[in-house]
Amino acid sequence: MEGGNSPNLQLQQLPLATAAVSVQPHTDSFSYKENLIGALLAIFGHLVISIALNLQKYSHIRLAGSKDPRAYFKTKTWWCGLFLLVLGELGVFSSYAFAPLSLIVPLSAVSVIASAIIGIIFIKEKWKPKDFLRRYVLSFVGCGLAIIGTYLLITFGPNSHEKMTGENITRHLVSWPFLLYMLLEIIIFCLLLYFYKEKNANYIVVILLLVALLGSMTVVTVKAVAGMIVVSIQGNLQLDYPIFYIMLVCMIATAVFQATFLAQASQLYDSSQIASIGYILSTTIAITAGATFYLDFTGEDVLHICMFALGCLIAFLGVFLITRNRKKSVPFEPYISMDAMPGMQNVHDKGIAVQPDLKASFSYGALENNDNMPEIYTPATLPIVQEQHGSRGVSAPPYRVLEHSKKE
């Protein structure tokens, strides 16, 4: 009986094995479809965000150049930009639920491309056709490179897909690779914060590294929150897991602190430098965080990983060229430099400049910095000396000039 039934059992298992093999290509095609949906949502979101920001900027410029007494928030253009901004952020937020984190993060280059094109056409001053290519050739080359890099990112992006359930996120959160990565990131963040706050290391790389470290945690939590919401909408409720609210609080907190450091960087440095350096640092650290937490590149072959890295490098170069061509803002000089006037010479006191030269100081009337000076000399004072009546009836002069020498 057993020998006669074994061939039947083997014949009955063959169709099942064939069916199992046929399911794998369907799953791969579905995963590529999810990648495409997430990439399109991210591109749409970043494009709409750039349009919204330029609309709001156009609203401010239009009010500043007219005699309209209305505030900016009372104009239709500004509210239209705000609506598009919210719509674009929703598009980017939902894209994290479909595609891997390492694929969505570099697509923020679309916002830089769109802002450059829209700024050239609508926001910038009028240009002459013969000067157009000479002036904006770097921007067009950068846009082309960024588009090529975006295509490579979408084509060779990671193809790992996992349902964002509470169990899966908790399992990733307590994994040893991510715990070690978090420990290293916290140590680096504390060191950078110490040098930034205590040592006054206001370098652009230091500030944007703080932004990038916070941003990596922001995108990790955004993907978890967005994925759990989508899974809940599909019928498997995930909002009753405590990990959802932990990720939500971390997302809001890191986003707020990230915006704070960005605001501080915008007060010290030009927006073009912040855009290029910030994009490179944030994308690199976010991809590292996604690969550590969500294991985005698990199972990918070397060719796909190399082409994905090449796409990132080309996108980095494109964004750098786009922002390189932007005009640098000229800082306000709060004094009149006498050497800037034709025919005028600087006023000197014993060879030391009293009136500061250009780019020497931002304080009116301050002395020019000189390392050879043992001290800074102040202008001579004129103290009032009361008249003294002597026995001979000779009075002292009412004023006396105090001369300063190097020995004093």
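Note that the numbers count up from 1, one per residue, in the order the chain is shown.
Placement of Cβ uses the backbone N, Cα and C atoms for every residue, glycine included.
The annotation transmembrane segment is assigned in TrEMBL to 36-56, 77-97, 103-123, 135-154, 174-196, 203-231, 243-262, 274-295, 301-322. Look at TrEMBL and you will find 388-408 tagged as region 'Disordered'.
With a threshold of 8 Å between CB atoms, the same-chain residues lying at least 6 positions outside the transmembrane segment (77-97) that come near it are 37-39, 41-42, 44-49, 51-56, 58-60, 62, 104, 164, 219, 222-223, 226-227, 229-230. If one looks beyond the transmembrane segment (36-56) by at least 6 residues along the same chain, the residues whose Cβ comes under 8 Å of a Cβ in the stretch are 72, 77-78, 80-85, 87-100, 103-104, 107-108, 110-112, 114-115, 118-119, 122-123, 150, 154, 157.
Counting Cβ pairs under 8 Å that are 6 or more residues apart, the transmembrane segment (174-196) and the transmembrane segment (203-231) reach 3 or more and are in contact.
The transmembrane segment (103-123) and the transmembrane segment (301-322) are in contact, since at least 3 Cβ pairs between them lie under 8 Å (pairs 6 or more apart in sequence). Comparing 135-154, 243-262, 274-295 for CB pairs under 8 angstroms to the transmembrane segment (203-231), the maximum falls on 274-295. Below 8 angstroms of C-beta separation, residues 166, 169-170, 173, 207, 210-211, 214-215, 217-218, 221-222, 224-225, 228, 274, 278 of the same chain, each at least six residues beyond the ends of the transmembrane segment (243-262), sit close to that stretch.
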